[in-house]
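As recorded in TrEMBL, the features of this protein are as follows:
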- C:53-80: transmembrane segment (TRANSMEM)
- C:92-108: transmembrane segment (TRANSMEM)
- C:114-134: transmembrane segment (TRANSMEM)
- C:146-164: transmembrane segment (TRANSMEM)
- C:197-215: transmembrane segment (TRANSMEM)
- C:245-267: transmembrane segment (TRANSMEM)
- C:279-311: transmembrane segment (TRANSMEM)
- C:323-343: transmembrane segment (TRANSMEM)
Ligand SMILES: Nc1ncnc2c1ncn2[C@@H]1O[C@H](COP(=O)(O)OP(=O)(O)OP(=O)(O)O)[C@@H](O)[C@H]1O
Ligand SMILES: Nc1ncnc2c1ncn2[C@@H]1O[C@H](COP(=O)(O)OP(=O)(O)OP(=O)(O)O)[C@@H](O)[C@H]1O
Ligand SMILES: [Mg+2]
Ligand SMILES: [Mg+2]
């Protein structure tokens, strides 16, 4: 018991939680933006992979770290555009298009990586983002190490949460996104293009998702591995529902998940000798389901989610 | 003579430490002009048998691979293609007429790197991050732990498996957690652990491949695996027409040069190094046998 | 400006033409990465065809690969028909495989004609029960099943690993996390000597016919369709909506569970945690390609399997990275998706208002 | 009509509009002029092409032939870019659609300003918008709570938000598609008063309606479509109700009249039923329905009618109270049991609750009795029997469709209602619950529904008629009760009531309420 409190009260633990949460924050914010506009984006797992590969590859080819971030975002936007074209004007099933995009983005990333680097026996590395040591702030007692020894991408993620909330609730575009996810005809009857709003949103959301992948190869680690996304994208889909499609709750959800994961790793070394490790690994998923049952069920989801819109058709 | 045709089937990408050693040995043979080499990586177990058959059908002279999760099927296929030699990673014995086996028997150097770690730790806490708790991993970890306790009975171990072969960010987090718990040496079974050690400015123990160049000043000691003795023997046997369904496992032992132990003498205590070197000699001379223990290692804290 | 106008019934010739066009487009698209890897497209395509259909072995391998896809495709199709979004076929597949192993590795000894059905039943039941949870959470508490089924995939896979490293580990397995082998009496017989193709294919085909019959001709099928198309109206008309969802959930999970039974009792003979390379997820693709038609699922599964097996074999023959196979499958999928649109809609291109008319 | 002086007044001209959907010509060469400050009523049967015409005008659809001309701020008529709602809005056309086009998750204010600002902007100018709206609201009398989420608004309030949307953009032409279909008489009266005020200020208005009385009362001019073609265009003063009905349908409509009934024994009784909280709750509702009578339930929509219908239909169990039928307790009966007990239900939202759109007409006709032996044996469907039955019902109820196998969604609203009537009334139920049965239907279809209900009454069934249309209620019901805020008044003989009294009670004033 004491041990558990010790863990929860240590700044390093919370620093780890935030670090683990960072790719999830990007992912859930991206997924949330897409779904707010009425488009479920199951391409996320592939978009993560594409972002991880493209961002890393760009840096490796000499683009510089922020150049890599930009390239990752563009890669995400590219696959987002495919998903957007398939699901918005063409109105195809969002489930199957998303899974198709995941397949496509993943295999294309792998294929490009392998074809470009056929002879590596150990993954080539880049100089990744380093934690920012912000002079005064990082010296603060608990908060300092937890919050201010993170890499720039973590701060970007936190900023994106704020920016997304502001965008959704305070700007004309945000209103349009919310409306198009609820009732597309409300948007069309006000002279806006449903397709433009939805496609733009999906493309932008996918670009944000890709940053989650980029974080893995450019911040959490410094090389690209096959399969390294490891289901993180799917988690974000779950977190989106958990968050009731709200940016603030999305941040909390991602942090909770990160905390579970960080906690799980620490607890495993404590009692791992008599409890199977898999039980710990299950914990975040089980708790997510439990949270859904007790917290987030019956959230008012975007009513037009999954429903394609065709102009002039009934 | 014409080079013989060799194909390899890997269930993981070639970057994975284990497979990279096989790949390296085969590429060297190819560069020497002894073989032509092609491989399929990341082959799902469901597809493994088909891939084996396809290579056999293509008239490969030697097929190298990992039979661990497809033991039965692999042996069946081999039996149906007696003209092709199969050299497969396996926990079981060889099978007639053409199924030879190997494994990464580098528990010996692991024991030695454990000795170095045991005498180098100040906090008496060593963190170990593994992928999955499979025998090939457990064996090395157990030998390492045994080596460490042999020189330092007070040393304690933290063990975590991340349930993935390639999730360096996750391995890194697991390692960070151990540092938080007081570990001052990390056993790096997976990519990501040495990065954590480097970032926290502590030491790491390498496994299978030598990453000292990537982490200068961080890798205290490593247990390396060399597939060349195994591969070269198998290739020669195929060329000679003398390929036997033998157990190539021992060629991973130190005495054949299949395993080796390296230590950064700038980082390790000189006494510890000489103790380990003495033990190394005993092993090479056959005077000391490192225990083989395939059971899952557990934290001792 | 592009506009889509719904089209009525589609003629067979049009369907063929569109399918061919899709296949052609996929091949053209696939030529791009091939060129990137230095392959001549024509050679590659003939190798692909050979890899999937060129020999009895190739053909049976393709069918073997299609077998679980048919079952997971049916699992998705039947659930999606009722608008029960089961994304958890992967987990249900593993649950089915685990149950098959629990029953078929010696816990029960019985002659083959008893043991095989028992193994299949256990697998189906396990898959069904796994899906029951999310179904009840959806109907009773309104918890989104996309998320619960998705998360359950991870939980079940970890559970399988736990069992394989714990109580169900093969004591003869040298410590490897794998189950004991399925008894010979519990294994699905092979269809052909020396080939991997097994009775699971027959089961899958029978299941496709069964689901077709169920949906088309039975009261339950009627209720499933009604609930899927308009749950409010179905409820109003006295159809037991919750019971229908539960039935669909059980059936969908059972079909996915059967896929696991086939893989473990028909193909591999024992269970490991990497039994499935994502058959559960591919099942969704198969089902949607088939337009949720049970018979269509068979063809969609064959299509996906032949593309994959063919492309995989081609990449091996040419020494190109075998990630190419997945890439070609993905491209083919996207092309077929887009082509489906031309079956359902007429596409009209409409110009901007002409200035000519305004000037007039 | 084309004199130069009048030309200047014309704010909108439809010129030879033709629109085809496949084989169907929804609009055939329709031309129409609209003058400043004029209120034009557009009439026609269901499916006559009214909505289509307005959708072309607003740019939702693109006409196959013809064009729309608007008077852009007094510079003469110029062609409107087809297929662009944006262009229509820019040139001062506002539209209130037949189905609301509001985002339920946004506030009224946000719905109104949606799309009126540059999308890419750091701030949304809510404050100035609020000021402008406050002024608009006082001027027009369209009172809405600007900060409430749309999902919390009543139908009437949503309607007003829709109109404000148009006025906020300084519309000079306002199109309203069946604006009163879902409004109460009082709300309709208020709406038309507002419209008159706006037209006096120069706004040109087109409204579509099936309610001929309000057309007569509120329009300056009437245009009638039949089969997509304009068959009449004349000043309202030159028409009367009968003439309008004839113009629409092409023949005379005989109004259904109720003969003196002979109510029998009590059939259905609700005692002290309470359920739910909030808007649509019921509080201690008592009700007795006798055989051979039509019991009307009047009320402003959103006062618990929906819940009442759901409770009687077996879709929602009451929190307290009992329901009995012919003396047997049926409180806990679910939908299936309710149907089996001989209670037929006509849902208020026929598209949502009435039919399964993609399923065929014959399947929709069989859906309530799918487990009956006539439709299945050993769980297997008897298709030929179902089809046979469907063909008979299609004939008997005059359901216009392309055969029993065509998907039900392709049918018009009136014909969808006939499917519901056929499958519920054919088994000769003891009780019929008809919720808003003629909502949105044209005169012909409405009179058909009325006839069917009276036939049921004549053979001894009890009918509960929930409606907002007082004329319909007064015409059909033997007794009428009023529902307000979930309280149901005791039913009184129709002869003792008049529109005024009912209207007051619907608004919650006067009349005793059942305790
Ligand atoms: N998008 C469409 N696709 C096919 N047919 C359509 C479409 N829109 C309208 N129609 C058809 O055009 C005809 C005119 O329909 P419209 O909705 O304009 O009728 P309406 O006069 O508004 O009827 P109501 O009084 O019932 O509202 C109908 O037969 C309708 O089915
Ligand atoms: N999507 C469609 N495709 C093809 N035909 C259609 C479509 N929608 C409607 N129709 C045809 O148009 C006719 C009228 O249908 P519609 O839904 O427009 O009626 P409506 O006039 O709007 O009815 P209302 O509003 O009462 O009830 C139907 O008989 C149907 O055959
Ligand atoms: Mg209509
Ligand atoms: Mg209309």
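Cβ atoms here come from the backbone N, Cα and C positions, even for glycine.
Unlike curated entries, TrEMBL annotations are predicted automatically.
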Intrachain residues whose Cβ lies under 8 Å of the transmembrane segment (C:323-343), provided they are six or more past its termini: 4, 7, 10, 14-15, 18-19, 21-23, 25-26, 29-30, 33-34, 37, 48, 285, 288-289, 291, 303-304, 307-308, 311-312, 314-315
Spatial neighbours of the transmembrane segment (C:53-80) far in sequence, C-beta under 8 Å, 6+ residues away: 86, 89-90, 92-93, 127, 131, 191-192, 195-198, 200-201, 203-205, 207-208, 211, 214-215, 224, 228, 248-249, 251-256, 258-260, 262-263, 266-267, 276, 279-280, 282-284, 286-288, 290, 292-294, 297-298, 300-302, 304-306, 308-310, 313
Other parts of the chain folded back onto the transmembrane segment (C:114-134), taken as Cβ under 8 Å at six or more residues beyond its ends: 75, 79, 86, 88, 91-93, 95-100, 102-104, 108, 143, 145, 148-149, 152, 156, 182-183, 185-188, 203, 246, 249-258, 260-261, 265
Tertiary contacts of the transmembrane segment (C:245-267), as residues 6+ beyond its ends and Cβ separation under 8 Å: 64, 67-68, 71-72, 74-76, 78-79, 81-82, 84, 86, 88-90, 92-101, 104, 116, 119-120, 122-132, 134-136, 138-139, 182, 186-188, 196, 198-200, 203-204, 207, 211, 214, 220, 224, 227, 275-276, 279-280, 283
When counting Cβ pairs under 8 Å to the transmembrane segment (C:197-215), the leader among C:92-108, C:146-164, C:279-311: C:279-311
